[in-house]
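Under the heading active site, proton acceptor, TrEMBL lists ARG186. The active site, proton donor annotation in TrEMBL covers ASP469. As annotated by TrEMBL, domain 'Malate synthase N-terminal' applies to 33-81. Taken from TrEMBL, the feature domain 'Malate synthase TIM barrel' covers 183-424. The feature domain 'Malate synthase C-terminal' is assigned by TrEMBL to 437-529.
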Amino acid sequence: MKRMFDTLNESLKNDGVCVVAASSMTCATVGLTVLTVDSLRFLSLLHRKFNNDRLQLLNNRINIQSILDTSFVANSNPSTSSTSTSSPSLKLPTLLKETEFIRNDKNWRVEKIPGVLMDRRCDIVCLDVTSKYNLLECIKSGANGVQVDFDDGYAPTWDNGLRAHSNINELAKECFQETDALLIMRPRSLNLDECHVLVDGQPVAGALFDYAMFMFHNGRALASQGRGPFFYLPKLENHREAIWWNGVIVYGEQLLNLTHGTSKVIVLIENILATFEMEEIIYYLRDYIVALNTGRWDYIFSFIKKFGQSTQHIFPDRSCMGLDQPFLASYYRLLVDVCHRRGCLATGGMAPQYPSSTTHLSAEELALVTKGKETEAAMGFDGALVAYYQAVSLCKEAFTKYFPTTTSVNQMDKRVNIDHAQLYQMVTQVPKGTISTKEVYASTYILCNYILSWIRGQGALPLNNIVEDLATAEINRVLLWKWIKYHSKTTEGYVITFSLVRSFMDQITQKMYMNIREKEYLDQAITILLTSRPCIDFMPSILYPFITTIYKPVAKL
């Protein structure tokens, strides 16, 4: 029987593009509305121009991590302690000398923000882009924008991708009302490949696939309505990655004959290294950038991971890491200050309250939303995100309380004198707190349930009325990894070992409904993730092969 994508591949054989995915008949039919000859040619142009540079950026990340690791290991060795004159200096992240000219020039600003994007009091994250109903519910939620998430709240199965892009394409072509939330697409991060599409025999970048499908099918239509194309750019680690994204967006606009600067972006600062290059990131995206956003959970994850080889950075359990910790508070204050000095907006984190078993948040959960958003508004943020539609009005009210106009920025940060040098020092300050046995169990519980959810194709999972996504799962994963590596002790006196975590895992999985194959996957994944000698950079690097559906042709006899 002829496969659904064979005709498409035949049309593209001279273009070096091949779809190697196996899909259900329903999804393949949907996919042919997304994967057209022209959209894949558009993707191939982006791949050939930018993929080698992306791979080099990923190599640069490895080199930077190696420098950090070498410094941490050297300084943990008693023979090269800080009292020794031959001791190497600890290489902590710092502001770059080579980009000092950008920070010292007080005159540059971002391009004027379009009026349609000035009000950022509340964006809602669509945590299931494969559901057209959920996406439409977010658009009609009263939020200012919808973060259409192909990153932390998304499991990149092939069928998920086809459904999600089909949903977006259908809704983006409808006539929006003025009160409808803007579609703001968040592609996958730079480290992820889309192995189901090859260009010249190479898998394309997940980020380029998501950007290309959204931009090609919807860029012109959204631009004609003055509603896009808009993007959330995730997990940038430095200004070189901002330069890369700037090039992608410039070229994408040129290919579609859109006016330069039509696209707009919000950049998530969710890596501790990026904190030291926020002005540079804004500068190199200054024609497109609207705001920086605090990706708090990914940020905590990055701090633990980047300092994975440091014996001086042993982290408390997740319940201890709130905004009262200096490393988080300083990052928040620096982001607001940098944004407002350079003419762009600053948006806070996502309220994770999400009902697990009902359709409504409790009074206590709603109060937590209000408290969190009022705290961010008081710090000078211009808006934030929520996970559930019921929290939208509360988020908006919290920011309106501090600045009633929607055509200007929050001025609360101007009431506090900023000591930049002190705040940058605090960014790498070890958080204080304890590790309880209960929280070790809780981290294991979340990790087991999330991995199972992810390999089943669900990237966001409500647990205990909190939405757990990839970022929060990653925090629990690297905390367990680091506690095991350094034989940390709980407040009850237990040494945290893989055997202890494994015993918790056995208790947890006995109550989980899994088939034999899923249990094998879960066992393999957790063993690799928690016992690897270096900290594995991103969990999907290990999990993605479990969910690929590559077509294997039957040999002809």
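Cβ atoms are placed via backbone N, Cα and C, with glycine included.
Whatever TrEMBL says is automated annotation, not expert-curated.
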Between ARG186 (active site, proton acceptor) and ASP469 (active site, proton donor), the C-alpha gap once rounded to whole angstrom: 14
For the domain 'Malate synthase N-terminal' (33-81), the number of residues DSSP places in helix, strand and coil: 45 helix, 0 strand, 4 coil
Mapped DSSP class for the residue listed as 'active site, proton acceptor', helix or strand or coil: strand
Within the predicted model, mean pLDDT of the domain 'Malate synthase N-terminal' (33-81): 90
DSSP-derived helix, strand and coil totals, residue by residue, for the domain 'Malate synthase C-terminal' (437-529): 61 helix, 8 strand, 24 coil
